[in-house]
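For 16-426, the entry in TrEMBL reads domain 'Enolpyruvate transferase'. Residues annotated as phosphoenolpyruvate binding site in TrEMBL: Lys30, Gly100, Arg129, Gln174, Arg348, Arg391, Lys417. Look at TrEMBL and you will find Lys30, Arg35, Ser172, Ser173, Gln174, Ser200, Asp317, Lys344 tagged as 3-phosphoshikimate binding site. Per TrEMBL, active site, proton acceptor is recorded for Asp317.
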Amino acid sequence: MSADGLPERFDVMVYPAAELRGELRAQPSKNYTTRYLLAAALAEGETRVVGVATSEDAGAMLRCLADWGAGVELVGDDAVIRGFGAHPAAGVTLNPGNAGAVARFLMGVAALTTGTTFVTDYPNSLGKRPQGDLLDALERLGARVSSDAGKLPISLSGPVRGGPVEVSAERSSQYASALMFLAPLLPGGLDLRLTGDIKSHAPLRQTLDTLAAFGVQASASDALSRISIPGGQRYRAGRVLVPGDYPGSAALLAAAATRPGVLRLSNLREHDLQGEREAVDVLRQMGADITREGDTLTVRGGLPLTAVTRDGDGFTDAVQALSAAAAAASGTTTWENVYTLRLKECDRISDTRAELERLGLSTSETEDSLTITGTERVAGGVTVNGHGDHRMIMLLTLLGLRAEAPIRITGAHHIRKSYPQFFRHLEALGAKFEYLPTDAH
Ligand SMILES: O=C(O)C1=C[C@@H](OP(=O)(O)O)[C@@H](O)[C@H](O)C1
Ligand SMILES: C=C(OP(=O)(O)O)C(=O)O
């Protein structure tokens, strides 16, 4: 058993839910938790990060920061961090688990050390994701780098001075964010030029927002192709409050939109830089009844939904949750400009298609798009593969809730990467699950 009362590794049996009804508070944001914890460690002095996420990715960041010499204490729902400033310990091996953003942000900061090694115990997931664009930029800045053809394990050593540097932003925004965290602590700062067709602008703005919250000066062009961060600055320790999480909440909103019942979901700021906030507009455009009162959204579910065609790059981490709505909508939905989904915990285009087709849906793909034709009936009664991907597990769960017979999702414990309370939250709304222990990783 794990601390959350669920087996350490499990498949989940998802039972059809006649309705979903109740009130929930959105979990803390993954992207702000990782950013605030890192910025707190890069400050000198003590920072209280109020209301941190309890996911594996948050745990990975806390563990790596402690291994680098930060003081890390959990006090209730908060993390109190005593920072190492510009001096993470040298000669340390860090294991960021399966957390892409954590791994990449820390690789950028590793240029402050005279040697850090990165390994992962997820060779088939994070171990396969590309790191070369970041490593190339760090090498251009003068860091020494060794890697397994641009993948983990990776060793990096500085010091670097800073100055102008190019970084490709067409496969992930996390490489540029990594350099942005590093920049203020370098003597020469960084004058970043983001090259290629820049993807995931929203997380870049979350990084700028985090720097500002810690008193770091930065300036960026409107399209974010130039980001200048003067050197010789300090991160200012203090107190920051983690907002609610839109990517995980998008799954609850889509669940509520595709079943009868009413969900009230609080702790979701209206003005927020998380791109997945757009999931609310997408669901509304599909015909869902969603109203807002302050930070609380109310979904009145069970209305007929219709297909949409949307550029998904603004809300990458909600595309799978919204695919559950697409699977319930009349017509054919296409998510365009989502090539980067292929480079996540699994190939979120091809692998998603495979699982949707197993459930009887018709789908198609191009290199950078995913198309799903909705269906009124999902028969269920099958086993589907979670692909070790929390967002795939969310999508498949939503399909199970409206299937006619239960479905089994393999490796459902990977939900803990970003949303450990996901099944518990749905149970609170009336859903029923069975947790079947498994030995599979
Ligand atoms: O900066 C971040 O915290 C993130 C950026 C996004 O990745 P990409 O920039 O690779 O799309 C997002 O998918 C990921 O979950 C978190
Ligand atoms: C892709 C994700 O995370 P990361 O890139 O940080 O592993 C995600 O949360 O969906």
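The backbone N, Cα and C atoms fix where each Cβ goes, and this holds for glycine too.
Predicted, not measured: the structure shown is a model, and the values here were computed from it.
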> Long-range same-chain neighbours of Arg348 (phosphoenolpyruvate binding site), Cβ under 8 Å, sequence gap at least 6?
Replying inline: Val319, Gln320, Val338, Leu341, Arg342, Leu370, Asp389, Arg391, Met392
>> Quick test of your reading of the structure: among the binding-site residues Arg129, Gln174, Arg348, whose CB sits under 6 A from ligand 1?
In response: Gln174
> What's the longest C-alpha separation between any two of Lys30, Arg35, Ser172, Ser173, Gln174, Ser200, Asp317, Lys344, the listed 3-phosphoshikimate-binding residues, in angstrom?
Replying inline: 19
> Considering only the binding-site residues Arg35, Ser173, Ser200, Asp317, Lys344, which fall within 10 Å of Arg129 (phosphoenolpyruvate binding site) when distances are taken between Cα atoms?
Replying inline: Lys344
> Which of the binding-site residues Lys30, Gly100, Lys417 has its Cα closest in space to the Cα of Ser172 (3-phosphoshikimate binding site)?
Replying inline: Gly100
>> Out of Gly100, Arg348, Lys417, which binding-site residues have CB atoms lying under 6 Å from ligand 2?
In response: Gly100
> Looking only at DSSP and grouping its letters into three states, which state does Arg348 (phosphoenolpyruvate binding site) belong to?
Replying inline: coil
>> Nearest of the binding-site residues to Lys30 (phosphoenolpyruvate binding site) by CA-CA distance, picking from Ser173, Ser200, Asp317?
In response: Asp317
> Relative to the Cβ position of Asp317 (3-phosphoshikimate binding site), how many further Cβ atoms are located within 10 Å?
Replying inline: 27
